[in-house]
Amino acid sequence: MVMMLFKKLSDVSEAEMQKLLSRGSGLEDVAKTVSTVLSDVRTKGDSALREYTAKFDKVELANFGVSEEEFQQALSGISPELLDHLKSAAANIRAFHEAQLPKATWFMELKPGIVLGQKATPLESVGAYAPGGRASYPSTVLMTVIPARVAGVEQVIVCTPPRPDGSVHPLTLAAAKVAGADKVFKLGGVQAIGSMAYGTETVPKVDKIVGPGNVFVTAAKMQIRDVAEIDFPAGPSEVLIIADESADAVMVASDILAQSEHDPNSVSILVTGSDTLAEAVKREVLVQAEQAARSSIIKSSLENAAILIADSLEQCIGFSNKFAPEHLEIMVADPDFVLDRIKNAGSIFIGNYSPVPVGDYASGTNHVLPTSGYARVYSGLNINHFIKYSSIQRISKSGLESLKETVIALAEEEGLQAHADAIRTRFGYKPSK
């Protein structure tokens, strides 16, 4: 029996609301285990990688790196049609992220003699994590590697868990080739994150680590931020759907199941002002769950699901902004009314024909998104995650003279006499006298 919360939003208890809003938490529960693995990887390098790969992935590897021969075998084993689909998705992803590219350098003249600007510089190295385990995710390789390449990152590596036979799924390797990854390593979980953060005999240290993962991967990313930058916490997947009576119950239910089949910890929520739609979606979810190929995972995930009936569309929007979903679907008669009022969402899908899976694979937007409410403060993966910005100032003597009194006054007020003197020396002052 599938048990999901079905209630009027106004009747949801404080405990039930807290459970909904705190989904994806539990980092503290795995913190000690994660810390131990990271420490071992940092001190023991490749030997720790072998130990934990054998322990967690149940496979013993002599070499972590994927060879060119393995790449060629993977490519030869994929049908031309599937490879074309992969390239088509890659082209859309590349085009969308190219549109985000900033000017390499720009300048403005603030006042005569005062020229200010900004220089955009790509990071030197990035590590992309692509999950494995229950399924392979070549799409995540495209989503992480392509933006890094478009941004101009010099070195991009990929870590992904090995299969039981020690190989990597052929389509994942094909995606790495299509996207332009420099190297792929057969490493998963905490040990993969540690290897990219600290570097080992085999795996190079990177400046930044991006990509989604389970609670262990997310906890590892949070713990290594003192040695490598990360994109954001990206844990179990989630969708929130705002729908009214104009929505199709079968479509809404199928979108709930699409999210639920990711992981038993995935979260799917429908919030609607229509009792009729809510009841219809509930019935349809139960029917589709029984027929689904990944029925057991879906049924487990639906324990985290909810169908909430709101008093108004405004109440739906208010709950959505509080929930800050990874994916937000808007399936209402006036979607622009809702869109204009959305403050917190990782990626937004408007209308009956913009389901989350199209963004997962082929529309071109990025599917690496903040989860667990982090959409309140983080953006989904984009070009700016791979670029840093340096401010520039080019000031003439006359320009500095126009700022002189202001700088001196503020510096002296803060008790920084040498700051003030650094200005005065440019106008004849000799601090040594």
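Cβ coordinates are placed from backbone N, Cα and C, and glycine is handled just like the others.
Owing to the predicted nature of the structure, the values given are computational and were not obtained by experimental measurement.
Binding site for Zn(2+) per Swiss-Prot: GLN259, HIS262, HIS419, plus ASP360 from the candidate set ASP182, ASP334, ASP336, ASP360. Together with GLN259, HIS262, HIS327, ASP360, GLU414, HIS419, the substrate site in Swiss-Prot holds one more listed residue from SER237, SER379, SER390, SER391, which is SER237.
In the three-state DSSP scheme, HIS419 (substrate binding site) is classed as helix. Among the recorded positions listed here, namely TYR129, GLN191, ASN214, GLU326, GLU326 has its C-alpha nearest to that of GLN259 (substrate binding site). All protein chains shown were included, and the count of other CB atoms within 10 Å of the CB of GLN191 (NAD(+) binding site) stands at 29. Nearest Cα neighbour of HIS262 (substrate binding site) among the listed recorded positions (TYR129, GLN191, ASN214, GLU326): ASN214.
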